[in-house]
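Engineer: According to TrEMBL, the protein has these features:
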- 1-19: signal peptide (SIGNAL)
- 5-322: domain 'FAD dependent oxidoreductase' (DOMAIN)
- T43, S44, V166: FAD binding site (BINDING)
- Y223, R278: D-dopa binding site (BINDING)
Amino acid sequence: MAAPKVAVVGAGVIGLSTALCIMETCPNCSVTILSEQFSPNTTSDVAAGMLIPHTYPDTPIHVQKQWFKETFTYLFAISNSAEASEAGIHLVSGWQVFKNTPKEELPFWSDVVLGFRPMSKAELQKFPQHQSGQAFTTLKCDCPPYLSWLEKRLKAAGVQMYTRKVADLWELHGKYDIIVNCAGIGAHQLVGDKKLLPVRGQVLKVHAPWVKNFIRDRDGLTYIYPGIHRITLGGTREKENWSLSPDPGTTKDIFDRCCSLEPSLWGAQDIQVKVGLRPSRQCVRLQREVLSQGGVKLLVVHNYGHGAGGFSVHRGTAKEAAGLVGECIAALQGSSSKAKL
């Protein structure tokens, strides 16, 4: 059988990572990425890129933990390499603070991040509005550099990339043997997934180099995430809002909330406003599917619906998706050898 041809639809962090994992696990296949947008114009470019997991209600916790652990291990190795700066990956320490004492004592990911512990009374004095908190060190990806780094690795591996809107997976039939759907919020229309909904996020990217620690209010709405060059201030979670236009009232609200957590931010400079639509589902859709039309079959692997937690689990879900592509290739090779007999 000739080298299997794989098309990955989508070029955010999920699409690029999945393409890279496919090349690593199935080096004999040819991979092409098709996407309407590439960095710096993807939803992933807006994300803060902090490794603090979002919980998916319909995905078993042990599965989510495995995805997170694989992602953390992968990025931690990059952060300790000469490529750390180019890839935009660095360790950052800080606090997750609670106005009310949380029900769960330890989040499922507490033993994956570094140095997880309850905050001391002295640390809590910085947050008079909050009763308790947790301190830990995690990883942060500065998203545009990380996406560029992934693209560079993909090109070196011979992956082709084309700017193209895919309106229907069937339009790829005949040109590719396997289609990998990493379309993010685009999957709502592409495969008619009504369980996939946008959760609009508006964030500010500011220059405040003196802020070194992350601060996250446990409701997940207010957060301060320092990057290498800029700090991400957030945010919003507006369900079923498709608007990509920044809202000035929201900008003021985000800035005020973040300044109440870290008053020195009043001196922040060069405020840029970004909006992205998180592709949210009750669980990540990570599965094989055989589409059928008039007796013709199309092999598809889905990997989308990561919501607010894409960066935290991207490598783990990409590895699993690459494994499903491997299963599809084995099925193709099995059917081609049967045909020869």
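Glycine is no exception: its Cβ is also placed from the backbone N, Cα and C atoms.
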Engineer: Quick one: Cα separation, Y223 (D-dopa binding site) versus T43 (FAD binding site), in Å?
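Structural biologist: Cα of Y223 (D-dopa binding site) to Cα of T43 (FAD binding site) measures 18 Å after rounding.
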Engineer: Sort out the sequence-distant neighbours of V166 (FAD binding site) for me: same chain, 6+ apart, CB within less than 8 Å of its CB, listed by position.
Structural biologist: V9, L34, E36, L172, A183, L190
Engineer: Tell me which residues of the chain lie with their Cβ under 8 angstroms from that of R278 (D-dopa binding site), as long as they are six or more apart in sequence?
Structural biologist: T43, I185, P198, V199, R200, G201, R237, H306, G307, A308, G310
Engineer: Among all protein chains shown, how many Cβ atoms are found within 10 Å of the Cβ of S44 (FAD binding site), not counting that one?
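Structural biologist: Cβ-Cβ neighbours of S44 (FAD binding site) within 10 Å number 30.
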Engineer: What average pLDDT is reported by the model for the domain 'FAD dependent oxidoreductase' (5-322)?
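Structural biologist: That region's mean pLDDT is 95.
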